[in-house]
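Engineer: Sending over a structure as structure tokens; questions will come in a sec.
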Amino acid sequence: MGMGLRNGFLLILSCVVTLSLSVWGRPATFLEDFRITWSDSHIRQIDGGRAIQLVLDQNSGCGFASKRQYLFGRVSMKIKLIPGDSAGTVTAFYMNSDTDAVRDELDFEFLGNRTGQPYTVQTNIYAHGKGDREQRVNLWFNPAADFHTYSIMWNHHQIVFYVDEVPIRVYKNNEARNIPYLKLQPMGVYSTLWEADDWATRGGLEKIDWTKAPFLAYYKDFDIEGCPVPGPANCATNSRNWWEGTAYQALNAMEAKRYRWVRMNHMIYDYCTDKSRYPVTPPECMSII
């Protein structure tokens with residue numbers, strides 16, 4: 001990656017924490033840094049816990065979460081999605097403040113498909129309890145054929161969703177225009193696999209085919225770099241954290257070109273242009289990059 005003061009390791013299913021200007025990492029199995037939140041019988045450890053398999057069947061889905069919360073930084077994971085007919089399933093990777101009244105959340109949701117149809121990734125952003133900011137992109141590759149990297153970069157200037165280092169969504173800090181931004185609440189890292197055939201595929205028209213169960217998704221190479229909470233009080237405000245550097249305050253020229261390519265060729269839904277839901281364009285949509 002070559003970002004900031006990293007120790008050079010990419011640790012499979014491990015947590016690399018950047019605290020102020022000190023960095024350390026350690027090899028870890030899944031259960032050392034993550035906890036199962038739902039149906040431990042449906043999460044299987046592979047290769048000594050350095051990778052995992054999530055299982056969805058008629059009995060249950062499953063989910064897991066990081067043991068710590070973070071305020072700013074970068075989180076990524078490699079995922080191999082459900083192959084074949086996955087209609088009605090949702091595989092999610094997201095950050096959540098785990099607060100009831102005023103929730104902050106950043107979502108990747110991978111919406112299952114009928115065999116031969118493109119996989120759709122839906123992103124959503126909750127800021128100060130307000131969500132309903134969905135965007136959908138058809139992936140330009142088969143995400144079930146191999147592992148691909150999905151990342152969220154979060155700093156004081158912008159939030160960027162990446163697919164294999166290609167930005168597919170940008171949410172800028174426009175607090176100067178009274179637009180809420182995520183900067184006060186730490187968030188944990190979560191992932192779930194569940195059945196949602198009332199909405200996931202073609203708006204619920206395509207139902208899950210349980211004869212294709214069990215549905216399997218695979219995860220590895222967790223990489224979390226950020227300010228843990230609880231942790232050093234000055235970490236989140238330290239401008240010397242690598243993710244706060246000038247290179248990460250806006251998309252560079254190549255990233256901006258790729259972002260425009262995604263929006264022009266692969267975006268299939270954007271709440272910003274949905275006049276049936278928003279007759280008046282939401283203010284944050286006035287600043288795309």
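First residue shown is number 1, and so on along the chain.
Here the Cβ of each residue, glycine as well, is placed from N, Cα and C on the backbone.
Look at TrEMBL and you will find 1-25 tagged as signal peptide. Look at TrEMBL and you will find 21-219 tagged as domain 'GH16'. Taken from TrEMBL, the feature active site, nucleophile covers E105. Annotation source TrEMBL lists active site, proton donor at E109. Residues or ranges marked as N-linked glycosylation site by TrEMBL: N113.
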Engineer: If I take the alpha carbons of E105 (active site, nucleophile) and the residue listed as 'N-linked glycosylation site', what is the distance between them in whole Å?
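Structural biologist: Distance between the two Cα atoms comes out at 25 Å.
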Engineer: For each of E105, E109, N113, count the other CB atoms within 10 A of its CB; which of these recorded positions has the top count?
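Structural biologist: That would be N113, with the highest Cβ count within 10 Å.
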